[in-house]
């Protein structure tokens, strides 16, 4: 029951991090300002002359206080040193944040809530540092860091709170009761220190239960789109640590603590309420205190400096003991930051058998491109625990290795994608001691029992046994990744299943699948995965657009495309750059339904301001970014087709606006109950199909881009003339496309550039059908009409920087090259609009270069040279009649 309450609390805190953090900070500020209204303005030494303010402090007290401070600093140093052994800098950062905020809360309580002076912190902070325990904070952080997604982060934080919360609560209660005994000693300094200790425990407990889990959840959520190759919380080697015994409370210890707590409660109750001193003694003591106060009355004085200068001077003036403490802290900090890195790395390398030389020495000569760590059997005698564990892991690999198909072990090139530590973390999960898997497949019943066992699972089954279960229909082939301990093993088994059904079993030999972060693919980008397709990525640029320079990534297998686009970018740059504007921004899915009461009546109602306002309110309520702009309707018999045009922020927007469309239809159904919805999409959008409606009305981002190329650049870079390019553009792009009955195809090869950028940047490649709509216009300009004016208008660029393939790390790298990765925080939607402008500008560069090649007669020659380099084409003549003068 108690664990369930803590679990609910942890889930709430992790699910609402902003609310909890803001509430905690607000409460802290309230405590800071509480005595501004209830307390007095007496500050000894500034506006009051207090006779008792300057007290003689015994040298023994100074020595004890200095030793206490040094011990506290050493204690914190060793705690952080232990955290570094885990090999994660994120735990260090989170633990440091926990320490800083706990100290801030505690200091606030001491200074303001109890109306204490800053001098009280000299005694308070050492005890706070001695009582803080980062092990619990790091344990909760490890729960969160073992997650693969944000939802799993919340669940793991809730699970960690359920496990650690009751234990931590009991520990805090026991510590407060034990330390609180000192407040009844009658020794004033001991009572003050014990009071500080109790407040330290309570402040730490408060932060651990509220601010810390919320902050962990928020930090990991903001770090989802990490630049380091994978999400920072994917530290899979923590998963096994979390299942260990250290997080499970010892029932014997818990009972002892409960009994101790009850005994201490009785002690406190007897001392504070039952054994109160007699009223006579209290009266006498009070009279003595009052007499003492009368003799030492504080006198108000005029401040000579401002309050902040007074506090600053007190903090700057340092005694010898403060110098000693600060020097020790600085020395340890320098040692920790600069001199322990190499030592820690060497220690971690010794603890990690995957990175040891014994592990990696075998495959060095086999294939330099293939990274497949294989453990080597060593017949020497070992005596350490680490080496014995390594031998057990080697035996396990030797048992599993013969089950791999022969084609998998053959030498072949394998591409490396993502962080190399991903393999290590995945292999760490599989390498557990004492896992013996027989070479012969076991019966299906036994395999099913092992698979359903929560403590064993698929890692205790061989690949042959998994294939046997799939063939027997016990495991669906599409669920292999979710049932295996690693996604990569699921992909490997599917490849083995598929290879047996192909005409050529070795067909998948050159399709790589290793070293890829499949956690970003599953449930988002692809199903039934058998590998990934490496495509060459070139760069064109710099593209000078709107006063900025962009290096444009292009993924293509067409020779000359990147080189041609790069030449166009150079010509635009020499001409002073290009300018672009967004003409419209919106996505337009469609719904289709038969006559609700009458199609014309519904159409007329939707065209009224009242009807549009009702639909817009329902539509806008489904998203922070989707905002309905207008409705466009068309009637065909009994059917009514509606185009919803809406802004979609930085996303491409189909899913976002489909959700808004469903909500709007539900609201429309309330006004017309007899309405019947046939399909959410009725092809009036139109999505991924050539259509005049997108060419005329626009879809996604509508962009126009223009540039002026000087005559000198046309002659020297493009190797042609303005007159020739204008004539070819009219006869090819305009007249030729019209003769072909083209819709939106009044360009030379816009689809080439659009598709190459889409593949490189994680866009939906099929969207190039509508996104490639473009009209290229050229005309002579300048004083002598020798300069070339070129413009490209693209009314339907469907593009986004969040969601879909943009979550994959290689595609994110290409988006980062352009500075548009993820959502724009300052102006939602700006990244997607900027990417659309870059696409249009790059298309214009490609159009410029290709039209120049056509005008100069270089197109066939360049393609034949680059794509068929063995053919001698020195005497090949151009094919165009118009050439450069």
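Glycine is no exception: its Cβ is also placed from the backbone N, Cα and C atoms.
Keep in mind it's a predicted model, so treat the numbers as computed, not measured.
Looking up 296, 517 in Swiss-Prot, the residue bearing an annotation of N-linked glycosylation site is 296. Looking at the stretches 192-220, 366-394, the one that Swiss-Prot records under the feature transmembrane segment is 192-220. Per Swiss-Prot, the listed range annotated as motif 'INSIG-binding motif' is 75-78 (candidates: 75-78, 79-82, 83-86). Judged by Swiss-Prot topology annotation, residue 301 lies across the membrane from residue 800.
For the annotation N-linked glycosylation site, the record in Swiss-Prot points to 281 among the listed residues 281, 867. Neighbours of residue 558 (active site, charge relay system), defined as other CB atoms within 10 A of its CB across all chains, total 16.
The topological domain 'Lumenal' (188-191) scores a mean pLDDT of 72 in the predicted structure.
For the pair residue 764 (active site, charge relay system) and residue 558 (active site, charge relay system), the C-alpha distance works out to 19 angstrom. Non-local neighbourhood of residue 688 (active site, charge relay system): 764, 766, 767, 769, 770, each in the same chain, at least six residues away, with C-beta under 8 Å from its C-beta. Cβ contacts within 10 Å of residue 764 (active site, charge relay system), excluding its own Cβ and spanning all protein chains shown: 18.
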